[in-house]
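Q: Below: one structure in structure tokens.
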Amino acid sequence: MWNTPYFSPLYSSFPVPTKHGQQTITDGSLSLDYSPESSIMKVRRLCKFCDVRETDCTGKGRCEVGCGITSICPNDEDVCVSIWRKKDDNVTFDTVCHSPSQKLYGLVLEDYNNSKCEMKERKGMGSQFFICSCSEDECNEHIFFYSLPSDKESQVVAVILVSLVPLLVMAVFVITSFYCYRVYRQRQASSRRKKGLDFSDAHAIMIDDEGSDSSSTLANNLNHNTELLPIELDVQVGKGRFAEVYKAKLKQGSSVSEEQRFETVAVKIFQYEEYASWKNEKDIFSDADLRHENVLHFLTAEERKVQRQYWLITAYQPRGNLQEYLIHHIVSWHDLWQLGASLAQGVAHIHSDLTPCGRYKVPIAHRDIKSSNILVKSDLTCCLCDFGLALRLDNTLSVDELADSGQVGTARYMAPEVLESRINLENIECFKQADVYSMALVLWEIISRCSAIGEVKEYMPPFGNLREHPCVESMKDSVLRDRGRPEIPDSWINHTGIQIVCASIDECWDHDPEARLTAQCVAERFNDMEYLDKLSDRSDSEEKIPEEIIVVDEK
């Protein structure tokens with residue numbers, strides 16, 4: 001028996017006997033395997049098959065590989081492949097038979113059904129590397145280089161440019177429109193100054209303030225008009241250490257004959273010597289990132305030089321402050337939940353270093369949270385006010401600058417570390433922790449006037465056994481020496497919702513600042529309790545709280 005290898009490295013033009021009577025037949029254009037047992041002709045491809053060799057092909061246009069060996073591919077599915085490499089000044093070719101179902105040099109063969117071997121560059125091979133594959137006999141002898149990659153890149157660039165044109169046109173249109181609008185507004189404002197100031201100027205201040213860039217601060221909220229706003233003070237509704245607060249009318253009529261319409265606002269008036277307090281509160285309020293539904297809405301500020309006064313003009317809340325509201329009203333569980341949740345959300349917002357949309361902002365410590373510095377809105381939610389002692393917790397502030405802020409706040413609501421003047425100035429979180437302590441006392445006040453606890457007594461402030469305005473030394477005795485806190489009677493925790501709030505309060509007024517909850521955590525706990533509104537005001541609910549929100553007091 002004649003026996004020859006299955007793969008013949010050279011082109012053969014005559015029949016060759018093979019094992020088991022199989023014959024390989026070549027006629028110069030294709031290779032056939034003939035098996036007498038099956039009487040099936042199997043077509044095998046002929047390809048140029050040379051090892052790596054140098055070439056003078058430049059990688060452009062049409063080239064000949066210069067391989068003199070034609071091979072019968074060993075497998076039926078094999079196709080012809082040519083590879084062109086250039087590393088430094090060394091240019092080489094190699095040609096092979098290869099199955100497209102298997103990777104070659106880690107690459108998947110593409111376009112192997114082509115009749116011509118069209119080179120494509122492959123990146124990441126450590127050198128300039130082109131490869132082509134085709135399915136005709138000896139088709140890898142002549143190879144073709146096209147500028148396909150650069151053409152595709154040009155097409156991509158063209159598509160990008162075409163896509164950007166409408167955006168550029170739109171951007172130009174928006175900028176032009178904004179410029180025209182600003183010019184129009186300036187002319188309109190100039191015209192109004194000649195006619196006399198009316199409510200539209202005040203409205204313009206509010207609109208400009210609300211539409212200003214969020215990074216703008218300070219100056220945008222000071223009324224720079226030559227005329228002061230037409231505000232008529234009505235009645236005094238509050239008085240503090242630094243200022244008095246009035247209900248006022250912001251007039252809208254622009255002429256004597258026109259019916260006098262007005263907008264009700266609140267005006268906080270600082271005397272001339274309280275400029276520093278006015279400026280601090282104005283600067284805090286002027287930060288556009290402070291805006292939140294649970295922070296008092298600020299309109300503008302004015303210097304009233306004739307009266308030697310400084311004014312802050314804000315929204316007016318007819319229900320007054322939380323302390324006055326609790327004195328005159330008993331609240332339901334639903335009211336308690338709304339007041340407590342909104343208070344926690346407001347404190348969490350000023351403490352956060354991110355706006356609701358995820359942009360960075362400077363966190364703020366209020367430093368004087370108490371029920372008289374919290375207003376009750378018409379929907380029975382809370383909003384924080386009186387930022388005269390507030391501190392911007394900027395990371396750029398030095399320890400000395402933080403130390404200059406001193407011991408501030410209301411003694412009754414001061415945290416233990418504030419009473420002791422032992423705040424860790426190296427950590428700005430300590431200022432937030434002191435706010436959380438004060439917030440816990442306010443939450444206790446709300447619960448003490450809630451019908452869900454059973455018998456509701458007359459309003460008493462925290463540490464109500466002390467005199468009306470206790471001094472720091474008196475509070476040190478109660479809070480530091482005696483470790484005292486307002487009482488939470490056992491009857492309060494018969495209501496499942498109040499039990500959770502009381503557990504949170506207990507964690508918020510912990511003696512150790514590091515052990516206290518954050519305002520955001522308290523807000524999230526209130527959100528988890530929202531469904532308890534369905535429990536009405538019963539002191540002992542039959543419904544159970546899901547285990548995932550039950551707070552276990554381990555203290």
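Note: Cβ is positioned from N, Cα and C throughout, glycine not excepted.
Below, the features straight out of TrEMBL:
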- Cys47-Cys80: disulfide bond (DISULFID)
- Cys50-Cys67: disulfide bond (DISULFID)
- Cys57-Cys63: disulfide bond (DISULFID)
- Cys73-Cys97: disulfide bond (DISULFID)
- Cys117-Cys132: disulfide bond (DISULFID)
- Cys134-Cys139: disulfide bond (DISULFID)
- 156-184: transmembrane segment (TRANSMEM)
- 231-532: domain 'Protein kinase' (DOMAIN)
- Asp368: active site, proton acceptor (ACT_SITE)
Q: Among Cys57, Cys63, Cys117, these being the disulfide-bonded residues, pick the one whose CA is nearest to that of Cys47 (disulfide bond).
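A: Of all the candidates listed, Cys117 is nearest in space.
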Q: Using the alpha carbons only, what distance in Å do you get between Cys57 (disulfide bond) and Cys67 (disulfide bond) once rounded?
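A: With distance taken Cα to Cα, Cys67 (disulfide bond) is 13 Å from Cys57 (disulfide bond).
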Q: I'd like the Cβ neighbour count for Cys134 (disulfide bond), meaning other Cβ atoms within 10 Å of its Cβ, all protein chains included.
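A: Cys134 (disulfide bond): 25 neighbouring Cβ atoms within 10 Å.
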Q: May I ask you to report the DSSP-based helix, strand or coil state of Cys67 (disulfide bond)?
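A: Where Cys67 (disulfide bond) sits, the three-state DSSP reduction gives coil.
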Q: May I ask for the distance between Cys97 (disulfide bond) and Cys80 (disulfide bond), taken between their Cα atoms and rounded to an integer number of Å?
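A: Answer for this pair: 5 Å between alpha carbons.
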Q: Among the disulfide-bonded residues Cys47, Cys73, Cys80, whose Cβ has the fewest other Cβ atoms within 10 Å?
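A: Per-residue Cβ counts within 10 Å for the disulfide-bonded residues Cys47, Cys73, Cys80 bottom out at Cys73.
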Q: Between the disulfide-bonded residues Cys50, Cys67, Cys97, Cys132, where is the Cβ count within 10 Å the lowest?
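A: Among the disulfide-bonded residues Cys50, Cys67, Cys97, Cys132, the lowest count of other Cβ atoms within 10 Å belongs to Cys50.
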Q: Looking only at C-alpha atoms, tell me how far Cys80 (disulfide bond) is from Cys67 (disulfide bond), rounded to the nearest Å.
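A: Counting only the Cα atoms, the answer is 13 Å.
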Q: With a 10 Å radius around each C-beta, find which of these disulfide-bonded residues (Cys63, Cys117) has the fewest other C-beta atoms nearby.
A: Cys63
Q: Which three-state DSSP class does Cys97 (disulfide bond) fall into?
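A: The three-state answer is strand.
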